[in-house]
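**Q** The structure is given below, and queries will be raised subsequently.
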Amino acid sequence: MRDYDEVTAFLGEWGPFQRLIFFLLSASIIPNGFNGMSIVFLAGTPEHRCLVPHTVNLSSAWRNHSIPLETKDGRQVPQSCRRYRLATIANFSALGLEPGRDVDLEQLEQENCLDGWEYNKDVFLSTIVTEWDLVCKDDWKAPLTTSLFFVGVLMGSFISGQLSDRFGRKNVLFLTMGMQTGFSFLQLFSVNFEMFTVLFVLVGMGQISNYVAAFVLGTEILSKSIRIIFATLGVCIFYAFGFMVLPLFAYFIRDWRMLLLALTVPGVLCGALWWFIPESPRWLISQGRVKEAEVIIRKAAKFNGIVAPSTIFDPSELQDLNSKKPQSHHIYDLVRTRNIRIITIMSIILWLTISVGYFGLSLDTPNLHGDIYVNCFLLAAVEVPAYVLAWLLLQHLPRRYSISAALFLGGSVLLFIQLVPSELFYLSTALVMVGKFGITSAYSMVYVYTAELYPTVVRNMGVGVSSTASRLGSILSPYFVYLGAYDRFLPYILMGSLTILTAILTLFFPESFGAPLPDTIDQMLRVKGIKQWQIQSQTRTQKDGGESPTVLKSTAF
């Protein structure tokens, strides 16, 4: 029986129809790029200090010395969360005493910012941090907002596949596109931090569901030779384009509500794609809607200037296709044998670490020296060559060496940052860009690599579990950035160390480059070291007079 690709081979590989679908589905991902990272500017924390009300009767000298100083990055700056007790310094001011000359400031009693804060408006006019005072004792709320967004992404990744299988790829694509745009718009009317955060969780659910639906729809419509390019370059590069657009919007629109309003406009415009993007013929056939699938295929043929055959799907082939029942497998199968259990655990570690590094560096933009808008643009732009490099490596070089090298590059430069003198801050920023380049390349390659490691019977499940680990990494990443408030090098030390350890771990994965995809668990490639363990086990068994087990051949380390 012919498969779907053989049946539709008459359409060609790269005709006008395929090019249109490739571009439109990739373009639908652009809003995902700036919605996911918009929190960098929506929750930006400007320099701030305790507010000293104008109603307090202070001399100009005491008003200028009302905030204690602290040493930060080798210079004296006003503290952000403390001030001298106003009642005390008001009395000194009334008595005509001068700060520093008549009064030792180090001996003065201090207090919290009881009247709120005043914020520097050179970078941001307004953010959710300045509007709801998410600083000092409430500074944990901003990273929590980001983490909960990724919790929404995690929930969306669970339900998106089921919704897509039940209601169709196209319907779910545009439903979740509307969900992402609609809830982003509703965030404009947030009256408090809690309302904003709940809506942001729903935006996260829509974002990942939209991404998955577009990804699946493209892989099902496009031909075999185009699918890999679509998966590694198409959606990824257009996501990076969306990320690159974000700082351009944010530079010209520095009020968080107006910025959010501007970011919803492209999502609304994407709604017009409904009339150009078809449903997946594969999904229609799986639902028994063969005539609808044929209509789409014939329109594609006409668009490509090709005459479709009179009969596209043979009734007997469809009957054979519908009679095939997939064998049931459970998540337990991912740990059923020693080999697949080790691969699953290693994959979870690999995905989690890469995700922490990718999102941690993306969210760390405000902490970099230099202009935040330029730095954000560069962190987004560096993803484009990273994706191109990943695609080239996947075409020509072994997987585990490629991923390990990319991770080692990313991790090592992050560790070097702490050695850079403070006056060479541009070098530190450049090292962060190189680190983002390496980790992004690994992120792009790990999707293909994981799919090649798992057998057909549990491939979707294996990639799904690994992807879930990635979501957990993204949830943790804001708190890696948060540690920079205590030591600006600590996030880089942690992310760099984890990335290098994972690069070493990757070398123990089996090599799938050039190997046929396994169909069963027994056909899986062996983890490095498993063969030696089996040989030792066989020797012990033979000494005991038992039957020697079969040793599967593995690729040499």
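Even glycines carry a Cβ here, placed using N, Cα and C.
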**Q** Return whether the side of the membrane given for Lys170 in Swiss-Prot is the same as that given for Arg257.
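**A** The record shows them split across the membrane, with topological domain names that differ.
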**Q** Which one is it, among the recorded positions Asn57, Asn64, Glu220, Leu222, Ser223, that lies nearest to Asn91 (N-linked glycosylation site) by Cα separation?
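**A** Minimum Cα distance from Asn91 (N-linked glycosylation site) across Asn57, Asn64, Glu220, Leu222, Ser223 lands on Asn57.
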**Q** Give me the sequence-ordered set of same-chain residues, not including Gly218, Thr219, Glu220, Ile221, Leu222, Ser223, Lys224, Ser225, with a C-beta within 8 angstroms of the centroid of the ATP site's C-beta atoms.
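**A** Sorted by sequence, the hits are Gln18, Ile226, Arg227, Phe230.
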**Q** For the topological domain 'Extracellular' (484-488), would you mind checking the mean pLDDT of the predicted model?
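**A** Here the mean pLDDT over the topological domain 'Extracellular' (484-488) amounts to 79.
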**Q** Let's see if you can do this one: DSSP helix, strand and coil counts over the topological domain 'Extracellular' (42-142), in that order.
**A** 29 helix, 23 strand, 49 coil
**Q** In whole Å, note down how far the CA of Asn64 (N-linked glycosylation site) lies from the CA of Thr219 (ATP binding site).
**A** 63
